[in-house]
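> First the structure, which I've put down as structure tokens, then a few questions once you've had a look.
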């Protein structure tokens, strides 16, 4: 992905703009971060530079970044908190700024030791919000897709089936190529966060959904290029699937938590409820730490308590 940033030209000097552009290109290229992550870091650092310009009273330059102290970063985070940013967003802001500072330090332009030592805001533990199995099954069929051309309906159903049937992140699903689906394959090799590779089983119903899309797609699908295409033949963007889910929420009366990522949560929660063990689910999701996967035990317990409260005569 290439980033051409023009919006902040009025509140950052060219030396800083050029280095920021180089940093973003490194994130997208060499480090292979997901598009969504790079876009978030671009937005976060843009907000920071706008804040810094107001803070120092002139367009920010590299020399100003070199002079940053933890108190300056705390002032920025406090400003963002006043604007309504939550702990998770503040943590991402700080992670992006640290990454930019490390980039500048590697080039010998700043000494980032002081600023990067600042601790991230404490993150509240929140439970994932899965759909019910009935809701998940309903929205992963081509028939559920609304007022779409047949090939687009098949495409949406295939993508959503991969999220729920394989537990993929949306960026992982949209990065798949026809070469990932050789004839007769029963599994997918997925490269996820941190370039960690995992193998996930491929359910027959998911294979069928993908095959239907490939047959109906009006564009030629190159073996090593992204398989899921937009209406004009370019790579399908996550925002399209997110908008589709928004339409499905309205059409089927689904809760606000019915998002593409909720299908991945549903995959894990339903496996756990069906007797799957945490270690296996950890591998299927590509979590580096078991503690990340253990949050789903809380989801399952919460669902059990909800059923108990609604059904038990003494509740």
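Glycine too: its Cβ is placed from the backbone N, Cα and C atoms.
Among the features that Swiss-Prot reports, domain 'Core-binding (CB)' is placed at 14-105. Residues or ranges marked as domain 'Tyr recombinase' in Swiss-Prot: 126-309. Look at Swiss-Prot and you will find 169, 193, 261, 264, 287 tagged as active site, backed by sequence analysis. Among the features that Swiss-Prot reports, active site, O-(3'-phospho-DNA)-tyrosine intermediate is placed at 296.
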> Using DSSP, how many residues in the domain 'Core-binding (CB)' (14-105) fall into helix, strand and coil?
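Result for the domain 'Core-binding (CB)' (14-105), in helix, strand, coil order: 74 helix, 1 strand, 17 coil.
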> Of 169, 193, 287, which active-site residues come within 10 Å of residue 264 (active site), going by C-alpha to C-alpha distance?
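So the list is 169.
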> Name the one residue among 169, 193, 261 whose Cα is closest in three-dimensional space to that of residue 287 (active site); these are the active-site residues.
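Closest recorded candidate to residue 287 (active site) by Cα: 193.
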> In whole Å, note down how far the CA of residue 169 (active site) lies from the CA of residue 193 (active site).
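About 10 Å separate the Cα atoms of these two residues.
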> Tell me whether residue 261 (active site) sits in a helix, a strand or coil according to DSSP.
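Its secondary structure by DSSP: helix.
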> Tell me, roughly as an integer, the mean pLDDT over the domain 'Core-binding (CB)' (14-105).
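Mean per-residue confidence for the domain 'Core-binding (CB)' (14-105): 89 out of 100.
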> Enter the number of other CB atoms within 10 angstroms of the CB of residue 261 (active site).
16
> So how many other Cβ atoms are close to residue 193 (active site), meaning within 10 Å of its Cβ?
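The Cβ of residue 193 (active site) has 15 Cβ neighbours within 10 Å.
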